[in-house]
Amino acid sequence: PPAKNDKSFICPWGRCMGSDCGPGGSQSRAVWCAHVDGWTTLHTNCHQAQRPSNQRNCFRVCDWHKDLYDWQLGAWNECVPVSARTFGAARQFMCSGGEEGIQIREVGCTLKADGSPAEDAICEYFEPKPRLEQACLIPCPQDCVVTEYSPWTSCSKTCGTGLRNRVRSVLVPPLFGGAGCPNLTEFQSCKLGACVGPEGLYSLRVGPWTPCVLPQTRTARQAKRRKGKGQGLRERGGVKDPETRELIQKKRSRNRLNRQESPFWDIQVGYQTREVACIHRNGSRVGLLCLHLCIPRELPLTIQSCVLPKDCQVTEWTDWSACSKACADPESPRGNRTRRRQALQVSVGEGVECPVLEETESCEPPGGSVPPCASYTWRTTEWSDCRVDVLLSQQDRRRTNMTGLCGGGLQTREVFCVQANADKFWVPTAAAFLCKISSRPVENQLCTGPIPNRSQLCQIPCPIDCEVSPWGAWGPCIFENCNDQTGKKGKKINFKGSALCEIDFFLALYCVIMLFPHQKQTWRELVDRNLCSSLAVLEPVSCEVPCARDCVLSDWTPWSTCSQTCSSKTVEGKQMRTRSILAYNAGEGGSLCPNSSALQEVQNCNEHACIVYHWQTGPWGPCTEDPSTAPLNTSAGTRPAADAQGLCSMGVQTRKVMCVRVNVGQVPPKKCPEAPRPSTMRPCQLPCKKDCIVTPFSDWTECSVSCDSGTQNKFVKRKQSRRRLVIQMPSNGGQDCPLVLEEEKDCEVPKVCPGFRYKWKTHKWRKCQLVPWVLRKETPGAQETCGPGLQTRAVSCRQLDGTQADISECLKSAKAMPAITQRCQLPCQDDCQLTNWSKFSSCTADCVGVRTRKRALIGRSKKKDKCKNTQMYPLSETQYCPCDKYNAQPVGKWSDCILPEGGRADGTAAMKVQGDVKECGQGYRYQAMVCYGQDNRLVETSRCNSHGYIEEACIIPCPSDCKLSEWSNWSRCSKSCGSGVKVRSKWLREKPYNGGRPCPKLDHINQVYEVVPCQSDCSQYVWVAEPWSVWKVSNVDLKENCGEGVQTRKVRYLCMLNTVDGPSEAVEDYLCDPEEMPLGARESRLPCPEDCVLNDWGAWSRCSMVSKPSAEHRVRTAYALRYPGVGRQCPELSDRELCSLNLNCFNYFYNITDWSTCQLSPNAVCGSGIKTRMLDCVRSDGKSVDIKFCEELSLEKNWQMNVSCTVECPVNCQLSEWSVWSECSQTCGLEGKMQRQRSVVQASQGDGRPCPSQMEQWKPCPVRPCYRWQYSPWSECRVESVVCGHGTRYRNLSCFVSDGSGDGESSMVDEELCSSLKLAVNGDKKIILKEACTLPCPGECYLMEWSDWSSCVNICVKGAGVDFGSVQVRSRAVLAQEPENLQLCPDQAWESQPCTGGECFEYKWFSSSRPNSSRPVVWCQRSDGLNVTGGSASTFIHILSKSKLASRCPLQAGMCMCEEGFTEVLSPAGQLDQCAPIPVLEIPTAGDKKGDVKTSRAINPTLPTTIQPGRTGRTWYLQPYGPGQSITYLLITYFWMKYFN
């Protein structure tokens, strides 16, 4: 049997395999038997019956299944608290912000075609399964929040027992299961005193008017008259029956109106009735027989004329218009289309208003071959010329010659918007390249995407000056013509070495050749050695060898350098050579030594005259056309193809060449030699001509037609403009640009002002129409045909030119339609009739006298005594003349300082470079002026003869850049041999201010330095010494004149600057090498006669380069000038010494310096420069020596000595132009502002001037009075002369003026000032000036009017970032007058609506002790300081009442209340005072004196407007109040509280 500890193990199913896609696949898995400890065993050890299957059918998914299957996502279920899903977890009792929850949904794989379920594995093949759960937040219950109670009302009765009421309104409705609203009304019994006589128990109540109906038809009335035995038949003498007379008159009026007016105005006048009843205070009606209980008083009208309501009738919709999007646009593929309908009948009376006569819906362009929509892109003009001056600081601009600037600069271009695919809409021009680059500019707002750069850095190549070596020494004077050597005139040449220059640097001077017959030396010219024979042999030269007793002289020294570079009458050039006596002769027999003068020779040199004639050349002129090639260089369009540099043909350049005498000026050309005369003409490459290219003119800007306020057809003149841009400037003689780049013209003035194209025209009022006689015959005055009636009129729609227009046009665009009905009064015989008031008489002057208006009695009224009573019927009115005195005063703050505007500003097309335009200086700031009338009403500023502003000069300080001194001169090179540095500096003169350019980094003494490497020639400074003197023998053998002696020479202990012409000027001694300073004396032995005489020692041989001590020696040699006599010998002819490193033997190596700073051309500010470094030859002892020591060793040098570099350009901040001034932020009022902006086009770079902080400017708008239509408050409900019932309340629509501020008072003004406004109040075009109302009868319990909408409250959790929206609410409280009628009271009501904005409030409990009481006063306060009831807080408050019963404030409910069986007793201020037990008694009936206090539940309790979960009903409680045990009625809500365990 299988082991008990063995069981089968299985792997996950493998991949579904199969040859076909779909359900025919199969998948397998591995199954094996394993011990519980994990090791594998035989299959027989496991139960075979329990072995899992290792293969099953499956659905093989292929890629094309992705289009067939998809995840089906169900809706998220209700959010369930986490605690409810966790077993045993206690749910939190207190809610803080919200409770964490989880909500789930169903997710399954479905077939898209029919939604049938499929295996999840199919959808998981393409996409992971979406999540099934997500976290959610359950909002805390929000309890109803109400205000404090209002003050008590007056007693409902003047005598007897009545009620006083106080009410409160709802601030926040109950939300998310919060506690419902408490009672909004509290009652209190009152008794002002006993009634004298019986109380008024009955009231006359008027019912509502019935709907308007037409009277019986004429046929019915005639049939009725026939049954009445001929009553109403016409008598021969005339029409006696009033009804018949009315019918005839109506028929005539109707026929006339049908002929004259439109069928729109077929207004039918009917009648309506109402009921008048007598009501007892307890609400019961009195029968008709008891109407006398409500009389004596005049009964109101029970029948009146009315207009039969007619609904607005419209035609069917027209077909949809074509789609406004007639092109394909991927970003906005849809357009709009409209359809319209006409009005057939306007609404009359209480009929339904006309619906929308035009509607719009989105649409797509029809068809597949829709052309693409216009797309727009940015285009640019060509870059302007590179300018360096815009990079200069203020200081550099004043002191720099602008013509020679080079290096880094700035170039700009204009950016404009064009239609990118214009070629698909426009026919291309002949010149394809022009069509491509010169598209028509459009408004820049049409282009989106990044704007191309309007500026960029550029480079102007700096001219490289020719660098030459110093002048070489003058050569020998040679014959001017080698073939003619008979003359004495020759020339000698001076060369300058140069590798950079195009001209030959040599100077030829004429000289005089002096031929001496005895001079054997001749001048030779070095020529090509190939011209000489290769067999040339050096010829021996004869010489004399001194004998043993002869005088021995040294060789001549080389000729010294010439003392002058040229000769004149007073100055000659001299050069000298010397020799010295090495040994004296031995008395007689030997050749004598010459005297001292013979030891020195002097000869003339540089004998050429100092006055020199030479050619001088001017600069090359511009490259001009060569007449032979001029036809080839043509303008754009037919020009030949240019090369890569834009060069088209060959031209010529010329220059001026003249002969100049040094220090004199120009002389005749014959003074200068002809041979080296420079050329005056050379060929050059001529650049191509470039014509000016401009874009086509843009379209004319739109004309925004606006009408002046107050007048409907007075236009404000506007202008429109168009422009074109230069995208290529002319050059090289191309065609110039046109002068006109912008055009402007006046806008065409339309005949009709927009918005005022149509107007209503009113027709005459029809005759006053009474209720039909048959209905009013029982009323007083029925026989007279007088009394209240109704009259109608027609209105029509007209264009401003008076022509008829469809009424639909006026309904859409004209002002509100005038009234078509009005009440009228036909006077009876006893009524007084007067004319209308006349206009007021004119005033002779303002504020002086009075003005009057009059009216008069007409007809029989003139003879009636009661009509002559001027108290009741005044015939004149007098008022003081208006006092039009106006007072102007400033208002608001001063504006920014604004510079005078110069030209039109285009906010996206132009660029300002700071410093290049005027951005500072004197401007003006503005303050608005306001004009008030004598009654302190705001009027137009023109009344005060003001243009609306006070302006005051102001200064925008100009930025001042950092100012430094000029560069000092370069110091000398710090080393006289090899590489050193030279320094120059600037010092700070003035710091920057007002946003000027910053200073470079300064040192502690406010200086900035520039250090560059320099190279000094080691042989440029030499010590100068005179020749050695004759020997002075110290141990003298007077006979032989020989022996030990000393030889001296004078040394100029001044270091001299060495030139090719010899030492020229003394310099500081430190510049010469102290090691090489010549000796002033030397000691030696003067050879005696017969002694060997040697010449001076030769130079030491060179030691080899050594790096360690060795036995190598160096040697110097000499040779015998006079051989010794017999028996004597010459000394050693060679001398040797040991080579010692750094003493007489040196190694040499190259040393490379650090890179210098980036060096620019002297005329450059920034841009490309060069960094250099120097190469030194350094001796092994560290001393810098002449570079030749290293060059002789052929040391390797592979360093790069120069590299290019870049100095960052100081680019000033570049700003756009100021935009045009915005529209005024307010159309009227005191606080209107206009703004304009500018933007940073290019941020500053390097040491450029930074951007200013002010990127916006504002100025006040002219103050205009704010006129608006405003309702007056509703009047009290009027029920004519009756006490109560259904009546009407009225309000007026008046024109008010204010200053636009929220807290400013409004004043009523003449309605003409609002004539330009649409008839609307707060955006509501539906004007309602009267509405039905109900005046409660005495003793009736009723609902108050709706309270105002509460302020918007945001339902949120402070600090948690949770927002559940905003809400506002209004409510209706109950008012009661009789204690007995409380059961008949309606339910209080509230309603809420969502709103935007609102503040998030918090609620907290507050308490304070009360004087002479142990009980605290407790109240709830909102975070804005408003005392409320309800809300939520964070703790429980326990209060002990007199009966030691605790009341508690359950904060989750959010309302402080008493426990069951107790009721709240509030203080007069509406705060919780105590919890008192509730006495439950029966209501006393009439005459029952058993008790004063009763409790009753409302019959059929109902919920408020919004369902409040958890509230089960409402209970009325009556309880004792006050020490006198008078009856107090408290309206309190009792409901179950549900707590969470």
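Each Cβ is built from the backbone N, Cα and C atoms, and glycine gets one as well.
Feature list (source: TrEMBL):
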DOMAIN    144-195  domain 'Spondin-like TSP1'
REGION    220-242  region 'Disordered'
COMPBIAS  232-242  compositional bias 'Basic and acidic residues'
DOMAIN    551-610  domain 'Spondin-like TSP1'
DOMAIN    692-753  domain 'Spondin-like TSP1'
DOMAIN    962-1003  domain 'Spondin-like TSP1'
DOMAIN    1213-1266  domain 'Spondin-like TSP1'
DOMAIN    1444-1480  domain 'Thrombospondin type-1'
Have the domain 'Spondin-like TSP1' (962-1003) and the domain 'Spondin-like TSP1' (1213-1266) got at least three CB pairs under 8 Å, pairs 6 or more apart in sequence?
yes
What is the average pLDDT across the domain 'Spondin-like TSP1' (962-1003)?
88
How does the domain 'Spondin-like TSP1' (551-610) divide up by DSSP, counting helix, then strand, then coil residues?
4 helix, 19 strand, 37 coil
Take the domain 'Spondin-like TSP1' (1213-1266) and count its residues per DSSP category (helix H/G/I, strand E/B, coil), listing them in that order.
0 helix, 20 strand, 34 coil
In the domain 'Spondin-like TSP1' (144-195), how many residues does DSSP put in helix, strand and coil?
0 helix, 21 strand, 31 coil
According to DSSP, how is the domain 'Spondin-like TSP1' (962-1003) divided among helix, strand and coil residues?
0 helix, 16 strand, 26 coil
